[in-house]
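Here's the structure we're looking at; comments come further down.
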Amino acid sequence: MAFKVSTVQSSPIDGQKPGTSGLRKKVKVFMQPHYLENFVQSTFNALTAEKVRGATLVVSGDGRYYSKDAVQIIVKMAAANGVRRVWVGQNSLLSTPAVSAVIRERVGADGSKATGAFILTASHNPGGPDEDFGIKYNMENGGPAPEGITDKIYENTKTIKEYLTSDVPDVDISSIGVTSFSGPEGKFDVEVFDSASDYVKLMNYDALHGVAGAYAHRIFVEELCAQESALLNCVPKEDFGGGHPDPNLTYAKELVARMGLGKSNTDVEPPEFGAAADGDADRNMILGKRFFVTPSDSVAIIAANAVESIPYFSSGLKGVARSMPTSAALDVVAKSLNLKFFEVPTGWKFFGNLMDAGLCSVCGEESFGTGSDHIREKDGIWAVLAWLSILAYKNKDNLRGGKLVTVEDIVRKHWATYGRHYYTRYDYENVDAGAAKELMANLVNLQSNLTVVNEMVKGIRPDVSKVAHADEFEYKDPVDGSISAHQGVRYLFADGSRLVFRLSGTGSVGATIRLYIEQYEKDPSNIGRDSQEALSPLVEVALKLSKMEEYTGRSAPTVIT
C-alpha cells in the first residue's frame, strides 16, 4: 500500500513550552488546527537525523480521551518524516514505565530496537473531552528528553512554518499485528503489540481507571495469584471513570475508605496492604491498614531494605537519589549505609542521567514517584512489588500463623532507627500565573537579608527555629556538567526544618504553586505525633512569610498531601 507525503503550511502557536513531563493542555487546545502537529514536527526537528530517518518509534499512552486520534496523526507524520516503523501498544495503551521498558528491552522480529517514544499522557491529571491531554518525548535510554532537547523543541515551536504529514490510512490499533506501507523512502510499518508482555517480563491494586489496569490483572492475578476482588477500577477508560487519576488521599477515595482511612467508620476489617497508581501508572500510593506511607518515607524504606529484601539488588545499591522538594528521609539512610547520594531538580530525566552512568539504583520524589534502574521512568507497579517483597521478607518466619509484620510496623521501626521527617505538601492549583511569579520573586528578594527574615519568623511563631540558609536551588549534573537553575526557593532552618516553594510544570492551565514543609525529629518519644499538628508552626510561618493568600486570593490550598 503506497502513501504520499505532503507539506502543510503552519505558524507558531503560543504556549507550547514542555513542563517537567511534557506538554499538557486541555483536550480542546490540542484539538485546535495544527496544535498537535506543530509540537510533533518541532520534536522531530529537534532530534538528530539518525533518531528519525529509518528509526523505530513507540507511540502510545494512558488511553485518555483524544489518544486514539493523536496516535493516527503521529503515525502519519512519522511516515512523512522518514521513520521506518512505529510500535503501538494495543488500543494505544502503554503505561509510562512500560514505554521505558519497551524502548530498553523490546527487539522486533527483524532485530529492530526503538530509538524513542511519543507518550500520550497527562499523568495524574483528569481525562475526558473537557479535561486534560498531554504529550512528551522519551529518548533511546527510555527516559524523558533532557532539557537540551525540550528547549530545542520549544524554540522550534516559536518559529515553525510547516510540518510534514502523509495519507497513510488509519491503522486498526485494536488488533495485534503489522501493517506495511511503502512511501518515497521505502517501507514503513506500524506494529500493534500486546501492551503488557514486555513489561511483565521485566518485572518478574487501585488503578483509578488508568492504564495500570492493563498490567495489574496480568501481574497480580495471573502471575502472583491474587484474588480478582483485590483489584479496583482496573478497566482503562478515556475519562478515568469521571475521577481524578491521582494516587493520593484526596482523589483515591474508594481505596482510602477500604483501607480504613476514610471519615466514615465501618465494621469491615480493612486489608493489610493497599496501593494505587495514576493514569499512566508511573506514580504510586502505598497504604497499610488505617495507615498512609508518605512517598518520601516510601523511597527511604525501599532503599533501607532493598539489598536484603529485593533479589534485583542483592549485590548492593550503586547509589540513591531524590528530588530537591522530597524530604531528607533518604539522605539519612544514605549516610547510615554509606551510599552515594544525589539531590536533583524535579524531573525524572535527572535520575536517568545518574542511572546511565551507574551512579544510582533507587530514586524517588515526593509527588508519589518511585523507581529503580530497571528502566528510566518512575514506576508505580514496581513500587508496589518492592513493598510486597519487603513485606514478604519481614514475614518469612510468620507464614504458619505468626503475627504479621505490617506496613505500619515497618514504617514505625524505620522511624525509630533513622528518625522521622514530618512532611506535608500544599498545592495551590490554577493560580494566576502572574501572581504566582510575583510570590516567588518576593521570596527570592527576602533571601537577601536573613536578619529581616528571622525577625519576621519570630514575630509569626517564636517557637520556630531561625533560618540558617536560604537560596534558589541550582543543580550541576555530575554526569554531563549541565546547569539547571531556578529550581525552587528554599528556606533551611537551623534545626533541620525546611520550607520549599516551587512552581510546578504539570498543570494544564494557570500556574500551580507547591509548598513543601518538613521537620526532622530524631527523639523516639516524639515520632508518633500527628503530622499536621507537628508541622502547624512551620505552616503558619510559610503562609505568612510568602503572603500566600495576598498573592493568590486563596485562603486554603487545593490539595494537602
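Every residue gets a Cβ built from N, Cα and C, even glycine.
TrEMBL annotations: computationally assigned, not manually curated.
What TrEMBL records for 1-13 is compositional bias 'Polar residues'. Residues or ranges marked as domain 'Alpha-D-phosphohexomutase alpha/beta/alpha' by TrEMBL: 16-163, 203-287, 296-397. For 1-20, the entry in TrEMBL reads region 'Disordered'.
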Residues from the same chain, set at least six apart from the ends of the compositional bias 'Polar residues' (1-13), whose C-beta lies under 8 A from its own: 32, 34-35, 37-38, 41, 79-80, 157-169, 180-184, 188
The domain 'Alpha-D-phosphohexomutase alpha/beta/alpha' (16-163): DSSP-derived helix, strand, coil residue counts: 57 helix, 33 strand, 58 coil
Counts by DSSP class (helix H/G/I, strand E/B, coil) across the domain 'Alpha-D-phosphohexomutase alpha/beta/alpha' (296-397): 50 helix, 16 strand, 36 coil
Mean predicted confidence [pLDDT] for the domain 'Alpha-D-phosphohexomutase alpha/beta/alpha' (203-287): 69
